[in-house]
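These notes are about the structure you will find just below.
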Amino acid sequence: MSKIPTFLFFFFFSSTISISLSSHPLDPLSPAEFTSVQTAVRSHYSNHTSVAFHYIGLKEPPKSAVLSWLHHHTPSSAAPPRRAFIIARVNHTTTHELTVDLTQSTILSDQLYTGSGYPLFTFEEQIAANALPLGHAPFLESLRRRGLHGAEILCQTYGIGWFGEQGKGCSRIVRVMCNYLDGTVNLFMRPVEGIAVTVDLDRMEIVGYRDRGIVPVPKADGTDYRGSKQRPPFGPGVNAINVVQPNGPSFEIDGHRIRWANWDFHLGFDMRAGPIISTASIFDVDKQTFRRVLYRGFLSELFVPYMDLTEEWYYRTFFDAGEFGYGLCTSSLLPGADCPDNAVFMEAYFPDKDGNPQQLPNAFCIFERYAGDVMWRHTEAATPVTEVRRDVSLVVRMVSTVGNYDYINDWEFKQSGSIKVTVGLTGLLEVRGADYTHKDQIHDESYGQILSENTIGSNHDHFLTYHLDLDVDGESNSFLKSKLKTVRVPNRTTSPRKSYWIKLGSEQVDLIFVNPNKKTMVGNPVGYRLIPGSVAGPLLSDDDYVQIRAAFTEYNVWVTPYNESEKWAGGVYVDRSRGDDTLATWSMKDREIEDRDIVVWYTLGFHHVPCQEDFPVMPTLSSGFELRPANFFERNPVLKAYIS
């Protein structure tokens, strides 16, 4: 049997790089600043007031102030004021939006929110809600009738959505669904079906309970994914791959600012969005200056609707960023496994419900990647000449584990000027317990695929909407869309060709964002092209309550004028929202986007029909998109790469 050869990649020990702590106006809140927020808010309310912090994040300075600071930055330059934006629930009854001056630890504003929807769930209230069924007599009786032991039960919180209820019908309630261990750690493969527990989060009590009948709990055999629990036979192995970078890394980390090759950008963190890439600029060798590309880029929302209409499933239409916090669900990365040996790690911080700062160790890894790919090459037989350049890039990685799914998020910077954004989907499926043990037994709508005995993998979608504030060589940008069309050659021409293509500006195929005020030497407007990846769109009807809330997924690309308040595609308050504050509603304003500071919203979509290879754990499924220079440079920017 042949063996896969050992490849030589880059390697270095992370202890060789020094990380300084310079400040930047877009730095995420530090532990001391979280404490400052906590102190200010606690002082603002009386000692008898209950305050739960559902969101604390940087209140971004005005874009003009940040750009001015970057342009004039010197060691003595005064940075814009540091402020925090807070969403808090007060006395379990009202939602407040507060702004805190972080330097003075004082409240600048406190506004009562009276619209629809609620803020992020906190970890603490989810844990409390998940524990309630085990103290509820009807639930314990349901377990007894099924022959299940309470000690093996683990429960999960599910947002209940909105299905047309008005007024008091939209109280802050969730569903709690439970799973069974007893021989496995893979709780998601052993759902306890037929039981619906409804919990009021503000009162923290069960307000609804229904057991509609016993459904078999899938067996534990074959569901444990841990390596230590696997038994022969095993497949063929591969030899170790060592990552070698003997001279250390090529990048520098200065606080949250990262410099590598021809790139300079800022890496931030938000408890809702996760990683935020800001002020990304690229050095133009010919012009001998850095040129702006991306002011701010982050995941705005992740919408995951399931297609199962049964009583315990129809409401499973998750908004993972707005309900659970994509950043809150960050998983600590494992050196040598999640990230290669040459990776440098950075921590992040988030607040608990009381405002105390909590550390996320190894939240990010940053590493140089070389996987044997080619940046550019050519062989000219007539000369003869062969020139090849290796493709080395810089990757910023973070993993968010939202319940059963693990999302691997990469922002990759290439020396060619491209920024590639990739997401990998792995982890565990949401499965439904069923009576079926074989496909031939299924004669009605099962809403998914049978994966194992009594196990249905439910059909569902993933829609990841990114907020991309492009500043292509400055703020004034325009959006161009064109289509490649077949054109018949007239018979009167002398060409033997029968067809060719031209560019038209009527349909969305070629997507370019240009600065109409900047031209190349031959007259082309400088720009960046958006190269889509997976472009699946929603298949739900427009009048479905679920799709009304997620109308921002109706198109893969939206373009809006920059507005600092428009950050979250699904709205600020997503839990039980009604779709009245989304990217789709903002776009109805029909605002001018030509020669303006514009924002691109791109939705990466997956239709997931589960298969047996996804059981009991899913191999990574990846896709993404690329922002690629289009007449931004006068010529190939890496023509001289690796010439010593």
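Residue numbers in this text run from 1 along the chain shown.
Each residue, glycine too, has its Cβ placed from N, Cα and C.
Curation plays no part in TrEMBL annotations; they are all automatic predictions.
If you look up TrEMBL, you'll see 1-22 marked as signal peptide. TrEMBL lists 24-111 with the feature domain 'Copper amine oxidase N2-terminal'. The domain 'Copper amine oxidase N3-terminal' annotation in TrEMBL covers 119-217. Annotation source TrEMBL lists domain 'Copper amine oxidase catalytic' at 241-639. As annotated by TrEMBL, 2',4',5'-topaquinone applies to Y405. Per TrEMBL, the feature active site, schiff-base intermediate with substrate maps to Y405.
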For the domain 'Copper amine oxidase N2-terminal' (24-111), the averaged pLDDT of the predicted model is 94
Around the Cβ of Y405 (2',4',5'-topaquinone), the count of other Cβ atoms that are within 10 Å: 22
How many of the residues that make up the domain 'Copper amine oxidase N3-terminal' (119-217) does DSSP mark as helix, as strand and as coil? 33 helix, 29 strand, 37 coil
Is it possible to list how many residues within the domain 'Copper amine oxidase N2-terminal' (24-111) are helical, extended or coil according to DSSP? 24 helix, 30 strand, 34 coil
